[in-house]
Amino acid sequence: MQLKKTDLTGALKILAADASVFVPGEIEGIKRFVLWDGESDVDLGGANTQLPPKDILFPCTEKMYNYKMGDSIEIKEIVEKPRQVIFGIRPCDMRSIDCMDHVFLEKGFVDSYYSRKRENVTLIAMGCTTPERTCFCDSMGLDPNNAPNADVMMNDGGDTLVLEAYTEKGKAVLEALNGLLSEGGQAKKDTACTLKVNMTPELPEKLAGMFDHPIWDEVTRACIGCATCTYVCPTCYCFDIDSDNHGAEGTKFRCWDSCMFSDYTRMAGGHDPRPTKKERVRNRYMHKLSYFHERYGQHLCVGCGRCVEKCPAHMDITMFIDKAAEV
Amino acid sequence: MGEINHECTCHGNPLVPQVVKVIKITQETPDVKTFRMQTPDGKKPFAPLPGQLGMISVVGVGEGMFSITAQGEDWIESSIKKVGMLTEAFHELAEGQEIAIRGPYGNHFPVEALKGKDLIFIGGGIGLAPVRSLIRYCMEHREDYGHIDIVYGSRSPEDLCFKEDLFQNWPKEKDTRVEITVDRGNETWEGNVGFVPAYVEELAFSPENKKVILCGPPIMIKFTSEALVRMGFAKEDVITTLEMRMKCGIGKCGRCNIGSKYVCLDGPVFNLAELDELPDEK
Amino acid sequence: MSSIIEELQSTVKKLLEDGTVGYVIGWGATRFPDRTTPVFITRPEDAHKLVWNHYCVNGTAKYALDDRYPEKKIGIIIRGCDSRAVNRMIQDNQLKRENLYLIGIPCDGKENPVCEGCQHKNPLVYDVLIGTPVEEKINPDRFKEVAEFEKLSQDEKYEYWAKQYDKCIHCYACRNVCPACNCKECYADQYRVGWQGKQNNRNSNQVYGLTRAFHVGDRCIECGECERVCPMGLPIMRQTKKMLKDINDLFGDYECGLNDSRPHVLGEFDLQDRDEFM
């Protein structure tokens with residue numbers, strides 16, 4: 001099925017009737033996913049959003065429960081099940097949702113806060129037509145033209161968007177948009193990244209054996225220990241849990257945390273298993289390229305290139321991959 | 001690795017704790033207290049297996065992961081050493097006050113695999129806390145296990161945890177021997193003086209049909225493990241528990257990983273052979 | 001330019017060969033021709049990895065704080081701004097001059113807007129100078145942007161900063177890259193004390209931004225690294241420049257890090273100081 005690009009606003013209006021629709025947009029000079037305001041044009045082309053859409057399913061600060069202190073404690077869980085649509089999310093960011101599904105929904109415990117949002121979100125993905133020079137998703141095993149876990153997959157068809165439903169949720173979307181859709185449409189699906197990285201199938205296991213390799217002394221020194229890479233990363237999911245008290249009441253919340261921070265693994269007694277940036281960067285790279293693969297069978301790096309683009313020290317995980325593949 | 005049990009009792013959302021009342025506080029040492037907890041309606045909050053953990057919070061201050069050291073019909077207990085802000089808040093609690101807990105978390109000591117074996121429990125300082133849950137379990141199922149040795153050391157006689165168990169309860173049990181040492185004695189101390197690793201070597205255990213459960217400060221674990229290996233114990237037969245900073249307790253928040261393993265979920269119980277497989281980042 | 005690179009590389013090679021320094025901090029190539037990254041050269045045969053071009057934007061001096069007790073001197077390739085950063089950290093008792101070997105290199109301005117207003121392209125302190133000094137220019141517009149901004153109403157200013165700090169993601173890149181942010185433990189990292197929460201909201205972000213601006217206060221060397229590294233494009237220099245403008249207005253011409261001994265203006269007391277705000 002295809003949707004005329006001139007009908008895009010009409011289509012979004014239908015979707016926005018009973019859900020919050022997030023689209024690629026701009027706030028104060030930063031391209032990111034924004035709540036669609038009912039009329040703005042949507043920027044589906046150009047560079048990918050500078051910030052990933054992960055905060056829609058995993059907010060950077062998320063309230064968990066309210067409590068009352070005193071002689072008798074009361075705890076009241078905060079339950080939110082917002083109906084949300086992420087429109088125009090690219091295959092790299094779609095793969096990051098796959099990674100987060102593994103983390104939050106598997107291995108013994110289901111994370112209720114994530115699962116409630118995940119169940120109620122509709123993912124309308126857009127095949128990438130404009131990879132940046134820092135994009136390397138196809139080296140990480142992705143197809144920039146397709147997101148298998150999308151509810152609806154869209155691809156550019158010139159004057160139209162070519163739509164295909166992959167799930168029941170997706171079929172419901174196409175039904176809702178039926179009046180605006182027509183049969184046919186030729187989609188462009190030949191996007192490839194220009195940056196090719198030597199991410200060999202053997203690398204995850206090879207890295208596991210390189211924990212004490214001198215390569216870490218070299219590749220970690222430029223790091224300034226900030227959290228930019230982790231906060232612009234679509235797959236970094238580490239969080240902290242903390243309290244916010246107001247008198248005898250308070251709220252427990254969780255918020256994004258970063259393995260780059262000095263207090264991240266420091267224990268109450270002062271012992272820190274990852275005391276310097278060498279151990280921290282090593283853990284981050286290993287997590288992305290080896291540990292996660294060992295645990296969940298896929299890479300935790302989707303090749304979106306945001307960390308390469310934003311690192312203050314211009315550190316580059318693709319240079320590390322190439323170097324590690326060679327040694 | 002220990003056995004895994006992920007039957008969380010936290011009513012659907014594993015990150016929301018349940019309220020419990022502190023029904024008894026025991027001052028074990030100058031800086032260790034044991035807190036007995038029960039639900040407000042007089043029930044046991046959950047039934048952990050030996051070695052499992054609970055995320056316990058002084059509501060409004062913070063949460064911390066602690067080993068559940070003992071349980072009864074309608075209570076569970078944790079022993080907490082004062083090391084920082086949160087643990088200080090625990091030490092300021094009075095009997096009758098309410099706190100919150102979620103869990104049980106983590107794997108547990110391999111109680112099945114230990115059946116029929118002679119057991120040596122080795123604890124140092126507050127490290128006796130996780131071991132205590134297994135000692136109590138073995139005492140309750142005494143016929144399933146062989147001879148039991150309990151070797152325990154602390155900095156000084158005042159720092160010995162669980163004195164009632166050490167000096168009264170456990171020595172009375174069938175086929176059980178308790179050996180205590182302190183780093184520095186005092187004028188009334190008549191027992192052994194010396195560090196745990198050396199004391200273990202002095203006691204000259206033979207490795208035959210034995211399993212060792214070892215917990216304590218990292219340095220004590222390191223030297224005692226080396227001593228045990230020298231004495232001929234297989235690494236598979238020496239079981240210990242790890243400690244890392246934890247926040248979620250359910251293998252999501254990321255910080256307690258060692259390699260691809262999460263200590264809160266895949267641990268805290270590991271044997272030395274399993275630890276050898278993990279990156280050296282403990 | 002190419003002869004300068006040769007001079008730089010051969011100087012570094014010699015310093016490593018004769019054992020004057022343990023390693024040298026400079027710039028190296030990346031995958032992209034318009035981007036360089038800090039490199040740490042430890043072997044003489046790696047000196048050729050050093051680059052010097054229009055894209056050497058990263059500050060080099062702060063990396064010396066990773067190694068406070070070096071076995072041998074740390075070699076640092078410094079531009080004018082880096083030399084002020086060195087002075088800054090020596091003055092703050094974070095570095096010892098005798099632990100450093102400073103390889104000065106006059107700078108013609110880099111791919112960084114802050115360089116346009118630079119008044120100190122030549123290193124102010126060095127042990128060896130590569131190339132020849134360039135002409136310095138006084139920037140008559142040093143506080144022009146701040147002066148314009150001051151004309152806005154209080155509400156307009158608040159609105160502006162609120163929008164900016166709504167973007168902040170708490171990555172602390174501005175702090176970590178700043179030569180004046182050299183506290184052993186930042187107040188914002190004292191989570192257990194609770195000065196600064198980890199939750200992301202307008203209040204908490206603004207508290208961080210303001211606190212940092214005041215902490216840097218009269219010690220900002222105007223290198224612009226905070227603004228360059230900010231992934232969300234916050235105009236952080238506008239805050240530090242405001243502090244400096246006020247200091248200039250109150251105490252006369254003032255620039256930081258021109259040498260390693262002059263006390264900072266808010267760190268000394270003089271009976272002649274203006275005190276109308278008391």
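Glycine is treated like the rest: Cβ placed from N, Cα and C.
The feature domain 'FAD-binding FR-type' is assigned by TrEMBL to B:15-111.
Residues or ranges marked as [2Fe-2S] cluster binding site by TrEMBL: B:CYS248, B:CYS253, B:CYS256, B:CYS264. The secondary structure of B:CYS264 ([2Fe-2S] cluster binding site), as reduced to three states from DSSP, is coil rather than helix or strand.
Using a CB-CB cutoff of under 8 Å against chain A, the binding-site residues that qualify from B:CYS248, B:CYS253, B:CYS264 are B:CYS248, B:CYS253. All protein chains considered, the CB of B:CYS264 ([2Fe-2S] cluster binding site) has 27 other CB atoms within 10 Å. Within the same chain, the residues at least 6 positions away from B:CYS256 ([2Fe-2S] cluster binding site) whose Cβ sits under 8 Å from its Cβ are B:MET244, B:ARG245, B:MET246, B:TYR262, B:VAL263, B:CYS264, listed in sequence order. In the predicted model, the domain 'FAD-binding FR-type' (B:15-111) has a mean pLDDT of 96. With every protein chain in view, the residue among the binding-site residues B:CYS248, B:CYS253 whose Cβ has the most Cβ partners within 10 Å turns out to be B:CYS248. In sequence order, B:MET246, B:LYS247, B:GLY249, B:ILE250, B:GLY251, B:LYS252, B:GLY254, B:ARG255, B:TYR262, B:VAL263, B:LEU265 are the same-chain residues whose CB sits within 8 A of the CB centroid of B:CYS248, B:CYS253, B:CYS256, B:CYS264, the residues recorded for [2Fe-2S] cluster being left out.
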